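Colleague: Quick one: the structure is below, and I'll ask about it shortly.
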């Protein structure tokens, strides 16, 4: 790391006009409502990662946000706020900053179209630049940022007190004697402060990875370097990979920073560190980052990433409804979204949570948002799950909007010729929308006259008996009438009530789908697991959270997946362990939102039972060995400089009941920068095909619950063996830059 003192670290963008524009900044009009539009001065701070803007309010501190917290910069009047509170003629001057967290969008108007383009292009370039940094560059960028903050008097030097401040910013507490020793060791000029090469020396001491030194030393048998053969030996013996000399040459070519070593076809310690931080060398099997499963099976043979009350951004009782909630869910790979539809004014249906104080949004605006964002994260089909409370007249409007907005992407008749006998595959349905809802009659029959009553007694979720209020509503309400136009759009997902598995087997067609409340589904999964699995071999099942979850909390989806349920709907707006597990399930297969069920859950004669573990073909249990070695650059939870985390690591397995287990390390006091544990755990995993592994880092607290630092969840069968780095995600599911765990993984056949 070359440095001349403490300078702004801008990743090779020195002199870049876009960077200079952001550093200089300028005035923008911030929009919150039709009456609240105020000028604010925005600029990028010297650390090149923090945006600052000035508030005109007296006594109010100036606001900041990190470039890393930005999810997207959207050009024009794309946000709900700008569409609602601005006129069309300012379209070319508008842009929105969308955040990864639940923070509200920042809606802005520039003084000219040219200036708006300058802001959006400059921000997008900086965000792209930050996201494209490799692991070493991210670490350097972060450390430089902390150095800059610690250098209080901006003299490009570090005094002893500034050094201590710098270490606290890095999330590490050192006793005074050790800090003094480090300082004296680096202060070769004996001036009482560190500058230039002395800071570089201090950086090298600080970032030295002793555990990596040991591993590298074991295999660096060629004049202190790793030869291609040494690297192949490491990959085969430690990482359990089928590696060739050609692979080793490729790794050296891509990762070795020293040109002399690269020319001699040698891998230095820095090159080795670069390699084991590379995305292809992390704990997740790189082959599973892309679509790797067979996508030509019937739709119901897949677990499908699904959202409940998708329109809500907060709780179920008084939280705001937003099209942005649909955008966020779809961009996270969700493939089944819910629309609660009610009659609105001016013959325009609305979406909101019935009989509550949640805000309302137009049905047509939701369909437009879904159309625009449905296939950005995944090409595979999106199911629109309709909770229909509208009059026949407004149902006709719903059908018109879906037809005109979704166009030919909307499935309105079976694929192929004649009456289908099974679902089409996700591959056949790429780029298509399916409607889940009621229809007037069976698909086989001719369509009934407009407005005829449905031939079943299915209730919508809000009408199911969750509490006394809804029971009252159910008694008052007559059977729902259906518009033929809307009914005809329901092809492969006709909503019907569930009576029993026997009734479903004898009387329901493959395309007839039942929705189960969480409580009912859990009971069936516990008491009749094998029957539930067989039911789901040729039909779809949807599960939704209990009505009592007014705060939009989530249930554990794993027991329902174990029972073969495909559409296990969660509140995507709520961050929690169960949502982390859901995202871990759908992390692989290209984040397509579709995961192929194991073969034993796709066979109508299956004997598999997750509770008793009886299965026609022999169980193939595994033993998982995990050594938690160390962590790097954990974030500070409390922004007070003196507050340092005391990290511990939990490793958990989620799966069939026999596989559920959790182990945890001891905590390391006052070190979030480079804590070490070297603690080993063993897990017996009976059904690896259904198991997930979760790594969680917490800040130990002796008097209250530990605080969450970060986590990473992935399918058991996607683990890579050997020495692996584990990235960490924050509560919102976004990657924590430069933070991670270092572990050793071994999976063996159980004896």
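Placement of Cβ uses the backbone N, Cα and C atoms for every residue, glycine included.
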Colleague: Among the residue ranges 445-479, 480-514, 515-549, 550-584, I'd like the one that TrEMBL describes as region 'Disordered'.
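Modeller: That would be 445-479, the stretch labelled region 'Disordered' in TrEMBL.
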Colleague: When you get a sec, could you say which of 81-108, 109-136, 137-164, 165-192 is annotated coiled coil by TrEMBL?
Modeller: 109-136
Colleague: Neighbours of the Ca(2+) 4 site 644, 646, 670: Cβ within 8 Å of the Cβ centroid, same chain, sequence order.
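Modeller: So the extra residues in range turn out to be 171, 172, 173, 645, 647, 668, 669, 671, 672.
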Colleague: Based on Cα distances to residue 42 (substrate binding site), point out the closest of the recorded positions 191, 308, 644, 670.
Modeller: 644
Colleague: Any same-chain residues 6+ apart from residue 646 (Ca(2+) 4 binding site) with CB under 8 Å of its CB? Would you list them in sequence order, or say none?
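Modeller: Listed in sequence order: 667, 668, 669, 670, 671, 699, 700, 701.
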Colleague: Between residue 189 (O-linked glycosylation site) and residue 308 (active site), find the distance joining the two CA atoms and give it rounded to the nearest Å.
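Modeller: Answer for this pair: 64 Å between alpha carbons.
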Colleague: Between the binding-site residues 30, 38, whose Cβ has more other Cβ atoms within 10 Å than any of the rest?
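Modeller: When each Cβ's neighbours within 10 Å are tallied, 30 leads.
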Colleague: Determine how many residues of the domain 'C2' (605-730) DSSP places in helix, in strand and in coil.
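Modeller: Residue counts for the domain 'C2' (605-730) by secondary structure: 9 helix, 60 strand, 57 coil.
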Colleague: In whole Å, how far is residue 644 (Ca(2+) 4 binding site) from residue 46 (substrate binding site) when you measure between their Cα atoms?
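Modeller: Answer for this pair: 25 Å between alpha carbons.
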Colleague: Taking the Cβ of residue 50 (substrate binding site) as the centre, count every other Cβ atom within 10 Å, in any protein chain shown.
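Modeller: Excluding its own Cβ, the number within 10 Å is 17.
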Colleague: Would you mind reading off the Cα separation of residue 308 (active site) from residue 50 (substrate binding site), to the nearest angstrom?
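Modeller: Pair distance, Cα basis, whole Å: 35 Å.
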Colleague: Which of the recorded positions 191, 353, 644 has its Cα nearest to the Cα of residue 30 (substrate binding site)?
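Modeller: Out of the listed candidates, the nearest Cα belongs to 353.
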